[in-house]
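Here is what TrEMBL says about this protein:
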REGION    27-46  region 'Disordered'
COMPBIAS  27-36  compositional bias 'Basic and acidic residues'
DOMAIN    82-226  domain 'Protein kinase'
BINDING   Lys111  ATP binding site
Amino acid sequence: AFSQPPALNNDRLEAFKQAIENSKSKRLTEFQERKSQSQKLSEQLKETAFSEDQKEAVRSSFNKQQDEYLRESRKNVTINDFEFLKVIGTGAFGIVRLCRMKETGSIFAMKQMSKKEMMYKNQVHHVRAEKEALSLAKDDWVIGLHYTFQDDSFLYMVMDYLPGGDLMTHLMRKDTFNEAETRFYIAELVEAIDYIHTNLHYIHRDIKPDNIVYDINGAPMFLMLM
C-alpha cells in the first residue's frame, strides 16, 4: 500500500511553487535568447556570399555550440568539481577562494557562505537578491555569476575571477588619485550604478572601494554585495 505524502507547510509549498516558476522562467529566457541569436545569425548570413551548403554548415555549427552551452549551464555542479588554490578574501558570512574547475581548467572565484550565519544575521533575503541580480546581469559592469549550489552547511557562488584587484587596494597603493584618474573612475562608476538601477532594478546597498574590482585591463566592475 502507498502511504500518503507528508503535508507541506505554507513556507515549503510556496518555496516549491517558486522553484517551479523559476525553472519555467529560466527555460523561457533560454528559448527567447536562442531564438533571438538564431534570427541575428540568419540576418548576417543574408549579407554574405556563402552558398546554401556553407550557410547550412554555419547554422549547424551554431546549433551545436548552443546545445553544448545549455548542457553545461544545466549540469549539476558540486564542490567536488573544483580544486581550491588559495583564499583570496573574507566576508560577513564566509570566505572567497580562488579555484580551478577540474573538468575545464577554468579559474573562478568561489564565495562560500554559511547558512547558519545568514539566518542568524537575518540576511537570507539579501543574499538571495544578490544571486538574482548576478543571474540577471548581462553586462560588463557587473561581475559574472557562473554556478550556484549548496550543501547542508553552505551556499556557494562561483563567479568570474578578476585579477586586477579592488579599488581599495589601488587607493592604498597610490595614496591619492590625480584629477584625471578620479574623473575616469567616477564616470565609470556612475555608468555601472545606472545599469544596476535601470536594467536590473536593484539598489546596491554596499557601494565601497572593496566592492569595486578590476579586470585584467583595469576596467572596473561591481561585486553585487547587497
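Heads up, the Cβ atoms here are built off N, Cα and C, so glycines get one too.
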Mean of the pLDDT scores, which run from 0 to 100, over the domain 'Protein kinase' (82-226) | 78
Over all shown protein chains, what is the count of other CB atoms within 10 A of the CB belonging to the residue listed as 'ATP binding site'?
-> 24
